Amino acid sequence: MLDIAFIRSNPEIIKEGIRKKRMNTDIDELLSVDEEVRKVRGEVEAFRADRNRISKDIPKLKGEEKDQALAKVKAAKDGLSRFEPELKKLEEQFEKLMLMVPNPPLSIVPEGESDDDNVEVRHFGEPTKFDFQPKDHLELAESLDIVDMPRAVKFAGARMYCLKNEGALLEFALFKFALELLVSRGFQPMIVPQLVRREAMIGTGFFPLGEEDTFYVEKDDLYLIGTSEVPLVSYHMDEILNEKDLPKHYCGYSSCFRREAGSYGRDTRGFYRLHQFNKVEQVIICVNDPEVSMVEHRLLLSNSEALMQALGLPHRVALACGAEIGQGQVLKHEIETWMPSRNRYSETHSCSSLHEFQSRRLRIRWRGKNSKVNYCHTLNNTAVASPRILIPLLENFQNEDGSVTIPEVLRPYMTGMERIEPKSK
RNA sequence: GGAGGGAUGGCCGAGCGGUUUAAGGCGGCGGUCUUGAAAACCGUUGACCGAAAGGUCCGGGGGUUCGAAUCCCUCUCCCUCCGCCA
């Protein structure tokens, strides 16, 4: 959510942001409702002021004077009953429209229509060359006996899977490694609720636009999170934080659930697009200074790059173009990792700055030395998400004999194992 | 699931129909003192909308009343006991 005062005085900046993000939000409608709300609110407040002023004197009055005062209050109340329902209706409409307004992207965000227009910032390593015919990750995983998709689909439906044997161990190894790396860099590890209230979904900006992509538990009116960003940011909802306690650096581990509505038939093979996966996510809450949050953004990015470098996975860092940036984000970098079977770099990490977008919705504020209260900035980035990360890991580190070499940094978490060997059938 | 109790400013906590303009404490900020700090003392300090006048906010929503933090209904959450259970 943005500041209505800012929208009011800079509608062209908002409209330009909408254009750059290739969205279609009607700002003029919002502004006209805003004007109407303020007009009607003025009426209502005048009647309320009347009522309050007259009521105050009533206990002191007697007889005819009292009757006159009561009549005046009645007139004010009649006025209120005329305008209050209208105000309420307008305010509801206003709130609804405010939730739709996108955060304008920073000027450094490139123009573009799709991820083909993302701009590479730097890269690590080179696309892997094979002197044999490489297998894709699903073939590898099946021959290594570390996955069972058909059985998962049998009892849980499409886009479901079971990781087994070294696959299950590998996932735990990745998460343990990621958590230890982040903890060593001062991030606070968190295990968080994976079912949340609607408020948290709206507050973090996933609703109302992303509602179709979310699993809903109707009986308890709770939603399954699509990322631990939701609980980690909502954690400080309705709080006023002290400047000395900022920035907050969190790393949360959770399962993530996504309906992937509208993606039928896309990325159906293997580990790329699934209804459920696990992820270590980084979240930062800091003061609302764009320069400070830019420094934090770079920190988030560098953490994930360090992790990918330690794993030895070839990847590139790309600046996401306008159309690829979500409603609330002002800046997004992706880490795209080389996936031989796709013969391209594909997204494994998404690093976002949201400025005040989430903190305004969740009322997360901070108090500075001058006692002034401001909204915070929030940021987030993937540390590692599995099984998607297993695509480049299995594919890039496969050997001609069908085995897969385990990255050295993960071996301590896998009883020293160096390779996963194919199982003979 | 059953029975009771509760939710008040950044935090703790009083108030239970009209000088509440929400007491008091803690914390924050400013000052005195000090080489500096601590302690002590003095002052100051709720959030939101509005250009202002003013208005709104005592968990959310609704109601009673001339007037509600205060009374009634309802929802959510927390605590205690019982039941069930990992």
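Using N, Cα and C of the backbone, Cβ positions are placed for all residues, glycine too.
Unlike curated entries, TrEMBL annotations are predicted automatically.
Just one of A:Glu281, A:Glu356, A:Glu408 is listed by TrEMBL for the same L-serine site as A:Thr227, A:Ser228, A:Glu229, A:Arg258, A:Asn380, A:Thr382, and that one is A:Glu281. A helical conformation is recorded for A:Glu229 (L-serine binding site) in the three-state DSSP classification. Using a 10 Å Cβ-Cβ cutoff, A:Thr382 (L-serine binding site) registers 26 neighbours. Apart from A:Thr227, A:Ser228, A:Glu229, A:Arg258, A:Glu281, A:Asn380, A:Thr382, the L-serine site neighbourhood in this chain, defined by C-beta within 8 angstroms of the site C-beta centre, holds A:Ile225, A:Gly226, A:Val230, A:Leu232, A:Gly252, A:Ser254, A:Cys256, A:Lys279. Across the residues annotated as binding L-serine (A:Thr227, A:Ser228, A:Glu229, A:Arg258, A:Glu281, A:Asn380, A:Thr382), the widest Cα-Cα separation comes to 18 Å.
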